[in-house]
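Copied from Swiss-Prot, the annotated features are:
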type	residues	note
BINDING	34-41, 281-290	FAD binding site
DISULFID	Cys135-Cys138	disulfide bond
Amino acid sequence: MKITTKVLIIGSGPAGLSAAIYTARSSLKPILINGMQPGGQLTMTTDVENYPGFAKTIQGPWLMEQMSIQAKNVGTEIINDYVERVDLSKRPFKIFTGTGNKYEADSIIICTGAESKWLGITSEQEFRGFGVSSCAICDGFFFKNQDIVVVGGGNSALEEALYLTNHANKVTVVHRRNSFRAEKILQDRLFKNPKISVIWDHVIDEIVGSNQPKTVTGVKIKNVYTNEINLVNCSGVFIAIGHTPNTTLFNGQIAIDDDNYIITQTGSTRTSVEGVFAAGDVQDKIYRQAITAAASGCMAALEVAKFLNK
């Protein structure tokens with residue numbers, strides 16, 4: 001089935017839903033395609049404490065649900081589908097989805113966000129889903145009263161470690177440097193938590209486990225200076241080393257930098273293709289916060305309205 005629209009938004013995180021709210025309020029009747037992970041990365045975050053307007057801690061999934069309801073209430077059509085292919089060679093742009101629908105849009109706002117990075121070692125792939133995860137809120141419950149390793153040193157890693165103490169007996173954070181880059185408030189909480197210990201200047205060399213049944217039993221960690229290898233016993237490994245922007249759909253059709261982020265014009269959400277805009281983590285390699293994603297979604301919506309009114 002072919003569907004036409006003035007504005008099509010790809011992605012439903014803070015950027016996509018903010019873009020939807022603002023384009024809908026401009027009477028542009030936007031269509032938003034949810035994607036494979038409706039709500040984006042915030043649906044995998046428990047406590048949200050830094051989103052303005054909430055004096056008390058809120059839950060990430062709840063915040064995204066409220067944004068989605070608001071977008072619908074002002075006139076956004078939200079489609080539970082995912083995009084398989086796009087054609088940005090000329091307007092109207094063509095979008096093909098997994099359910100077989102074809103959309104033609106006068107403008108597109110790309111808000112496909114980013115996904116978790118992995119270590120890239122063979123044993124990680126072998127035990128993914130059998131003790132290796134990148135989502136504490138999704139899988140933490142399965143490690144009740146067990147020992148867990150968290151890999152990383154940014155906000156995500158520390159948030160995961162702190163959350164996992166609700167379930168685990170002990171959480172060990174393995175970081176390749178000798179200091180964290182996470183916010184100080186998170187570091188303070190982590191260092192005060194008796195369930196958490198930190199191993200500095202180490203990387204994961206191998207994840208070890210059993211095949212009968214298939215489970216993780218530990219990690220071999222390597223000192224980055226001496227190359228000495230030691231074994232840390234654990235039942236689960238949570239990888240929190242950052243994210244990769246979801247731009248594969250647009251390869252060869254739009255300007256993308258060496259880190260796979262969509263290139264937007266300075267101070268704008270305009271991309272290299274006229275009529276195509278990008279907002280949120282798919283184009284932001286510096287801030288990567290929910291509030292900045294939402295703000296860039298607003299910017300994209302205002303720029304789309306101006307573009308369509310030419």
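Each Cβ is built from the backbone N, Cα and C atoms, and glycine gets one as well.
Taking the C-alpha positions, the distance from Gly40 (FAD binding site) to Cys138 (disulfide bond) comes to 14 Å. Cα separation, Cys135 (disulfide bond) to Gln37 (FAD binding site), rounded: 13 Å.
Each of the recorded positions Cys135, Cys138, Val282 was scored by the other Cβ atoms within 10 Å of its Cβ; the lowest score goes to Cys138.
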